[in-house]
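Trainee: I have a structure I would like to understand better, so I am pasting it below and will then ask my questions one at a time.
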Amino acid sequence: MKNIVLTGFMGSGKTTIGRLVAEKLNIDLVDTDSEIIKEFKLTIDQIFEIHGEKKFRECEKRVIERVSKLENVVISTGGGVVLDPENVNLLRKNGVIYFLYASPENILKRLKDDNTRPLLKNGDKLSNIIRLMNIRMPFYKNCDFEINTDILSPELAAEKIISIHMAKESKR
C-alpha cells in the first residue's frame, strides 16, 4: 500500500487525523515534526529561536528523504513541507498526499491557546495565518486530494481518507 501523507496548515488536524487513520488501518504513524524534534533534541519553537527557519527546513528535508522511503505508513508532515517541490516529489514517489484544509478562523480557534508556533508569535495571529496560508495555498492545491476539516470531524476525515485511499489502491 502506498503511504498516506497528510499535509496542511498548522492546526488543520494532521496529527490527530493521522493518528486515527494509522489506528484504523493498524499501521505506523510517522510525524515529521516529531522526527525533527528527536534530531535536534529541542522543541520546534526552540529550533526556530536558536537555529532559525533555514536550519529547520534543512533538517525537515533530511527527515522527508528518510521517511519517504518507508512503506505502508501514515506520514504527518509539517505545514511548510510543501514549500519545497523536492519534498513533495519525494513524498509522492511512494505516497498519496492529502491536503487537510481548515479556514483561517477555525485554525485561529484551534490554536488560540497554543503559544508554541514560531511563525505565529509576532503580530496579529489571524493576519499571520491568512498571510502564510495565501503563500502556501498554491502548494497545498498541488496535493492529490483535499479534505475539508472545517466540515468533517477528525473521525469522519479519517474515514474519508481511508475510503479514498483504499479505492485508489484497488485500482493499482
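The backbone N, Cα and C atoms fix where each Cβ goes, and this holds for glycine too.
Remember, it's a predicted structure, so these values are computed and weren't measured experimentally.
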Trainee: Need one residue: from R131, R136, the one Swiss-Prot lists with D33, R57, G79 for substrate.
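Mentor: So, going by the record in Swiss-Prot, that would be R136.
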Trainee: Take the C-alpha atoms of K14 (ATP binding site) and G79 (substrate binding site) and report the distance between them in angstrom, rounded.
Mentor: 9
Trainee: Write down the Cα-Cα distance for R57 (substrate binding site) and S12 (ATP binding site), rounded and given in Å.
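Mentor: Cα-Cα, rounded: 20 Å.
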Trainee: Under a three-state reading of DSSP, tell me whether K14 (ATP binding site) is helix, strand or coil.
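Mentor: For K14 (ATP binding site) - judged by DSSP and reduced to three states - the answer is helix.
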Trainee: At a 10 A cut-off on CB-CB distances, which of the binding-site residues S12, T15, T16 has the highest count?
Mentor: S12
Trainee: Of the binding-site residues D33, R57, G79, R136, which sits closest to G13 (ATP binding site) by Cα distance?
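Mentor: Result for G13 (ATP binding site): the nearest of the binding-site residues is G79.
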